[in-house]
Ligand SMILES: Nc1nc2c(ncn2[C@@H]2O[C@H](COP(=O)(O)OP(=O)(O)O)[C@@H](O)[C@H]2O)c(=O)[nH]1
Ligand SMILES: [Mg+2]
Ligand SMILES: [Zn+2]
């Protein structure tokens, strides 16, 4: 039995990366009865047939599974933003952080691209709250080749999902790291009209140095539909030391009196910007739920 990693699925074929290259495989019939949804990133065992294709016999246990895009065994998410063009909006960064925390992705790396366009003093000021709560941030420029080696080192031997708004340079960064990828970049490619509900299927892209990357359009904002207003606090990591000491145990840190989280904001232990982002997302969740 051979082992490999699922790179992509196409019709009912699976492209399995193994040491020598890629083997096209089919699933053993019984998996279909189990409705087992094989995902990219899954490690599988397969038998090689005479025609060099394979039959997947076994799916090895998953470490984790990201739902949207569907990727198994993700080691880290690289939340990618641009320092400018498009401008860095903290609220958008906060939304991505919430979705990453909600997805239980343990390793979150914030990557700020296009730093050659930035006022670095202003950029540091914007990023300060995120450093303070412990997020790892790297600053790069695909264009000026700044910080690219550091980014590349972070990707070695891991499955990394690149997420972030369109136009920040995700595909450009990946092409710079692995020129063979030839990912489409720029306005024209991202503006290709596709139906609103077209789901893009994730694909694992192997790196020559070891490791895989997934170039995604990012989490969809419809993900917020699955987040309960009472759970949102869990996804603001810096709320954790305070949120259980509010007077009311149902406190969602909005209008309630004697709220430890709001007190921490007043005491400047929690950043006002982050708290405002919390309220913004909370109110969005509340207004959606009312529609039901
Ligand atoms: N100034 C500048 N532009 C960049 C940089 N990286 C990417 N771009 C440009 O940003 C635009 C969007 O890049 P793309 O990779 O398609 O972004 P994606 O939508 O996140 O995949 C393209 O026109 C790139 O040439 C950078 O470091 N600096
Ligand atoms: Mg892209
Ligand atoms: Zn509270």
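Using the three backbone atoms N, Cα and C, a Cβ is placed for every residue, glycine included.
What TrEMBL annotates here:
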- 63-222: domain 'CP-type G' (DOMAIN)
- 72-220: domain 'EngC GTPase' (DOMAIN)
- 164, 165, 166, 167, 168, 169, 170, 171, 172: GTP binding site (BINDING)
- 246, 251, 253, 259: Zn(2+) binding site (BINDING)
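Taking the binding-site residues 166, 172 in turn, the residue surrounded by the fewest other Cβ atoms inside 10 Å of its Cβ turns out to be 166. The closest partner of residue 166 (GTP binding site) among the binding-site residues, by CA position, is 253; the full candidate set was 246, 251, 253, 259. Cα to Cα, residue 170 (GTP binding site) and residue 246 (Zn(2+) binding site) are separated by 40 Å. In terms of DSSP helix, strand and coil, the domain 'EngC GTPase' (72-220) has 53 helix, 32 strand, 64 coil.
Residues from the binding-site residues list (168, 172, 246, 251, 253, 259) with a C-beta closer than 6 Å to any atom of ligand 3: 246, 251, 253, 259.
Along the domain 'CP-type G' (63-222), the predicted structure has mean pLDDT 89. Less than 8 angstroms from the CB of residue 168 (GTP binding site) sit 80, 81, 82, 86, 113, 114, each of them six or more residues away in the same chain. Taking every protein chain shown into account, 170, 253 are the binding-site residues, and of these the Cβ with the most other Cβ atoms within 10 Å belongs to 170. Cβ proximity to the GTP site centre (mean Cβ of 164, 165, 166, 167, 168, 169, 170, 171, 172, cutoff 8 Å) flags the following additional same-chain residues: 80, 82, 113, 173. All protein chains shown were included, and the count of other CB atoms within 10 Å of the CB of residue 246 (Zn(2+) binding site) stands at 20.
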